[in-house]
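K.L.:
This is the structure, below, for whatever I ask next.
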Amino acid sequence: MTNIRKTHPLMKIINNAFIDLPTPSNISSWWNFGSLLGLCLIMQILTGLFLAMHYTPDTTTAFSSVTHICRDVNYGWVIRYLHANGASMFFICIYAHMGRGLYYGSHAFRETWNIGVILLFTTMATAFVGYVLPWGQMSFWGATVITNLLSAIPYIGTTLVEWIWGGFSVDKATLTRFFAFHFILPFIILALAAVHLLFLHETGSNNPTGIPSNMDKIPFHPYYTIKDILGVLLLILTLLMLTLFTPDLLGDPDNYTPANPLSTPAHIKPEWYFLFAYAILRSIPNKLGGVLALLFSILILALIPMLHTSKQRSMMFRPFSQFLFWVLVADLLTLTWIGGQPVEHPYVMVGQLASILYFFLILILMPVTSLIENKLMKW
């Protein structure tokens with residue numbers, strides 16, 4: 001008799017995706033992040049669901065309801081901080097996953113890569129609207145500043161901003177709709193992730209060498225299920241360490257002050273995972289220019305398959321490209337640091353240089369270096 005997992009319509013899908021999936025035998029731990037992102041998403045949806053049971057999306061009670069969750073709900077503080085720090089873990093995994101894709105040339109799978117870019121945008125939108133919900137000072141002013149950027153759009157900007165706000169300022173209508181968006185978007189992410197996986201399984205996984213591995217495949221289970229469990233344990237350990245020992249390490253103290261439209265915080269800044277983009281935005285003195293730079297700093301990822309000029313897929317055997325890749329990582333870390341600093345000398349200058357380097361590396365240096373490496377191969 002044939003095994004049920006190979007005949008049952010539902011089990012067959014699970015089997016082909018997670019059990020009998022032919023996988024390259026040489027993929028490293030950098031390939032763990034996909035499954036970790038799935039785990040993060042499920043964890044965020046579950047903790048978010050329990051938080052939504054006690055949260056009230058109203059300007060007068062939102063801040064108090066979060067306090068109530070932390071003080072009065074059984075283990076509410078654990079759920080709240082798991083959710084807040086879970087978002088940080090989510091973005092750490094996203095950036096590692098993207099870095100892996102860039103380094104090993106996973107962008108050759110166009111559809112998978114492009115859906116990944118859409119997933120990134122959706123996740124960033126979810127995190128942004130979620131940060132507004134506790135209705136602290138940074139929530140309120142973050143929402144005001146970021147939504148206000150849309151007013152830089154010529155002709156329709158101001159109307160668009162007021163339409164998003166649902167009034168003439170960030171108020172009750174804004175909070176209610178942001179809660180609605182924050183609830184629905186993770187399920188859209190879930191659907192997109194399924195499509196992401198669907199396209200990936202059309203081609204099969206890439207591997208560190210970037211060379212087709214069809215002649216050397218092993219089943220996903222037990223080899224990679226066991227390997228993924230190690231990543232899962234490390235992720236859970238890190239998340240629990242953060243949540244139970246230093247739950248506010250990555251947060252902003254200003255968000256423990258209830259939102260007050262009459263008093264602006266000294267330094268308005270987003271969560272750490274948006275600081276690199278925020279630094280690029282701030283480094284351009286023109287409002288519209290800054291908004292376009294901010295948008296393009298993420299959209300540039302969609303251009304990466306077109307900017308790939310090397311004859312080799314992976315960077316494994318390309319030392320010059322490897323060097324530039326790590327310069328890019330260092331540059332992004334510099335931008336993240338600058339984004340959290342006040343707008344004053346020397347931070348402004350460092351931010352401008354780092355922003356120029358970011359675009360210069362991706363658009364010019366890396367493609368040109370790849371062409372030079374192609375020439376060197378003929379020597």
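Including glycine, each Cβ sits where the backbone N, Cα and C put it.
Pasting the relevant annotations from Swiss-Prot:
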TRANSMEM  33-53  transmembrane segment
TRANSMEM  77-98  transmembrane segment
BINDING   His83, His182  heme b b562 binding site
BINDING   His97, His196  heme b b566 binding site
TRANSMEM  113-133  transmembrane segment
TRANSMEM  178-198  transmembrane segment
BINDING   His201  ubiquinone binding site
TRANSMEM  226-246  transmembrane segment
TRANSMEM  288-308  transmembrane segment
TRANSMEM  320-340  transmembrane segment
TRANSMEM  347-367  transmembrane segment
K.L.:
Compare the Cα of His83 (heme b b562 binding site) against each of the binding-site residues His97, His196, His201 and report the nearest.
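P.N.:
So, spelling it out, the nearest of the binding-site residues is His97.
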K.L.:
Mind checking which residues of the chain, 6+ beyond the ends of the transmembrane segment (77-98), have their Cβ under 8 Å from one of its Cβ atoms?
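P.N.:
Answer is 30, 33-34, 36-37, 40-41, 43-44, 47-48, 50-51, 66, 69-71, 116, 120, 123, 127, 130, 235, 238-239, 242-244, 247, 250-251, 271-273, 301.
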K.L.:
I'm trying to understand the geometry here, so how far is the Cα atom of His182 (heme b b562 binding site) from the Cα atom of His196 (heme b b566 binding site), in Å to the nearest whole number?
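P.N.:
Between the alpha carbons of His182 (heme b b562 binding site) and His196 (heme b b566 binding site) there are 21 Å.
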K.L.:
Roughly how many angstrom lie between the C-alpha atoms of His201 (ubiquinone binding site) and His97 (heme b b566 binding site)?
P.N.:
17
K.L.:
Check the transmembrane segment (113-133) against each of 33-53, 288-308, 320-340 and return whichever range has the most CB pairs under 8 Å.
P.N.:
288-308
K.L.:
Does the transmembrane segment (347-367) reach the transmembrane segment (288-308) with at least 3 CB pairs under 8 A, where each pair is 6 or more residues apart?
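P.N.:
Yes, since the transmembrane segment (347-367) and the transmembrane segment (288-308) share at least 3 Cβ pairs closer than 8 Å, they count as touching.
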K.L.:
Counting other Cβ atoms within 10 Å of each Cβ, which of the binding-site residues His83, His201 scores lowest?
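P.N.:
Across His83, His201, these binding-site residues, the one with fewest Cβ atoms within 10 Å is His201.
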K.L.:
Do any residues, 6 or more residues outside the transmembrane segment (33-53), come within under 8 Å Cβ-to-Cβ of it, and if so which ones?
P.N.:
69, 79-80, 82-83, 86-87, 89-90, 93-94, 96-97, 100, 182-183, 186-187, 189-190, 193, 228, 231-232, 235
K.L.:
If you draw a 10 Å sphere on the Cβ of His182 (heme b b562 binding site), how many other Cβ atoms land inside?
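P.N.:
If we count other Cβ atoms within 10 Å of His182 (heme b b562 binding site), we arrive at 22.
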K.L.:
So what sits near His196 (heme b b566 binding site) in its own chain, CB-to-CB under 8 Å and at least six residues off in sequence?
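P.N.:
Those within reach of His196 (heme b b566 binding site), by Cβ under 8 Å and sequence separation of 6 or more, are Thr112, Ile115, Gly116, Leu119.
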K.L.:
Are there any residues at least 6 positions away along the chain from His97 (heme b b566 binding site) with a Cβ closer than 8 Å to its Cβ? List them or say none.
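P.N.:
Counting only residues 6 or more apart in sequence, the Cβ neighbours of His97 (heme b b566 binding site) under 8 Å are Phe33, Gly34, Leu37.
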